[in-house]
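*Asks:* What TrEMBL records for this protein is below:
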| type | residues | note |
| --- | --- | --- |
| DOMAIN | 17-107 | domain 'Clp1 N-terminal' |
| BINDING | Glu22, Lys62, Asp126, Val127, Gly128, Lys129, Ser130, Thr131 | ATP binding site |
| DOMAIN | 123-309 | domain 'Clp1 P-loop' |
| DOMAIN | 314-424 | domain 'Clp1 C-terminal' |
Amino acid sequence: MDATGVDGRDDVVSHALAREEELRVETLRSEGCAIALVSGHAEIFGSELARGQSVKIGGGKKVAVFTFHGATIEITGKVEIAYVAGETPMVSYANAHAVLNAKRERAGAAGSSEEGPRVMCVGPTDVGKSTVCSILCNYAARSGQAPLYVDLDLGQGALTVPGTICAAPVDAQIDLEEGIPLEMPLVYFYGDLTVNNPEYYKHIVTRLGALLDERSKANDDARAAGCVVNTMGWIDGMGLELLLHAREALKIDHVLVIGQERLYGQLQQKLAGTDCQVFRMQKSGGVVERTQEFRRATRDRMFKEYFYGPTGELAPASQTAYFSQISLYRIGGGPRAPASALPIGQTASTDPMRIAPVVPSTSLLHSVLAVSHGKTQGDLLNSNVAGFIYITEVDMIQKKFTYLSPCPGELPSNVLLVGNLKWLGLDN
Ligand SMILES: Nc1ncnc2c1ncn2[C@@H]1O[C@H](COP(=O)(O)OP(=O)(O)OP(=O)(O)O)[C@@H](O)[C@H]1O
């Protein structure tokens, strides 16, 4: 049915949803659309829609508007596709939330020293892991809890720039336009999109786990709320080892396996005898497989959003720094000793935890660097980062960089970490 929508526009299509149905919407790459709830109750990935208000969904995004009891939804603007689906796993996700919340309430009861649930979503790529994490955080926030959203996914993480692992509390339902509020994120820089240095990745996950424990000791509400952890889609070989390591380091007690029976079986065997429960969750038919090209575009958008804001509302500061004013370091990948220098029979290896100074060069152009909280070279392995800068120019003659920083003024530290994160900027 076509009509004039809540925004007064005439390119509006209305959809009536029966109970437990969802409207799946894929926006065009080039432009977004607006979604409005006209009647009933509905939510997008656990975030409730307010009646009569429209929410902007950016270009290239894929969302589902779900209703437990029935709703009428209007879409304003052209979309790639919008269709109603009757079969969704949303009720099972809501049941999972009920189990987790019961544990939160027990842990939050007066005099209790019990831990709240620490949940981890695992599964292959494109099964809806990040989506389930958002749904669980939203449901928890709607019931007055503030779980920590932990993102261990380097390539398609939801919190800050790619190439990092991070955590942020979700104390209100996630804003559909602006994402998870990041007032106090805890971010560790890995510096790449895939794990080629498992030892260092494990090291920062362990650090994150220790900080989770400290937070939970210091604050009863945080202890009771627990955490919801998103993981990478790498589930074989070393990928599985990294998942099991994260499970232990973050003291996860509920693992939700989405969309793969084999992984479910493997984890059940590996975690037998621990106090961790493994659950199988159905994959939603709405989850869309993303091409490499789409994933690259999503990463570029995340870099852009970091510097310019989700709706382009921020104005990053362009600043300069002389090479002599900053110290650059790279973690891992120390040089191999030449075979001739090694005893017979030994193979050369790199030191995964080596901190190597980086000499400024034009190869840093278009790099995203992390501003470390570490004050000295020795601190770097254990320090989280304050934020990121983007190198827009390297002047080898004047020995200075020009960079974008989210805010003007001096950087919080002059110790910068270099990885392999490149972004071609707005012209891309
Ligand atoms: N029910 C649904 N209807 C429509 N789109 C959906 C639905 N559930 C998830 N999606 C979309 O499918 C895409 C993939 O989902 P998601 O990012 O949660 O998967 P993932 O398993 O975390 O992927 P990866 O391992 O690559 O990080 C996202 O764009 C998400 O918005």
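In case you wondered, yes, glycine gets a Cβ from its N, Cα and C as well.
Model, not experiment: these values are computed from the prediction.
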*Asks:* Can you give me the average pLDDT across the domain 'Clp1 N-terminal' (17-107), rounded to a whole number?
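*Replies:* Across the domain 'Clp1 N-terminal' (17-107), the average pLDDT comes out at 96.
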*Asks:* Between Glu22, Asp126, which of the binding-site residues has the fewest other CB atoms within 10 angstroms in the structure shown?
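*Replies:* Comparing Cβ neighbour counts within 10 Å for the binding-site residues Glu22, Asp126 gives Asp126.
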*Asks:* So what sits near Lys129 (ATP binding site) in its own chain, CB-to-CB under 8 Å and at least six residues off in sequence?
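*Replies:* Expected: Cys121, Val122, Gly123, Asp153, Asn230, Thr231, Gly233, Ile258.
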*Asks:* Could you list the residues of the same chain, at least six apart in sequence, whose Cβ is under 8 A from the Cβ of Gly128 (ATP binding site)?
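*Replies:* Within the chain, Gly128 (ATP binding site) has Cβ neighbours under 8 Å at Ile258, Gly259, Lys283, Ser284, Gly286, Val287.
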*Asks:* To see if you understand the setup: which same-chain residues, six or more apart in sequence, place their Cβ under 8 Å from that of Lys62 (ATP binding site)?
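*Replies:* Residues satisfying the criterion: Arg24, Val25, Glu26, Thr27, Gly286, Val288.
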*Asks:* Assuming the binding residues for ATP are exactly those in the record, Glu22, Lys62, Asp126, Val127, Gly128, Lys129, Ser130, Thr131, what is the maximum CA-CA distance in angstrom, rounded?
*Replies:* 19
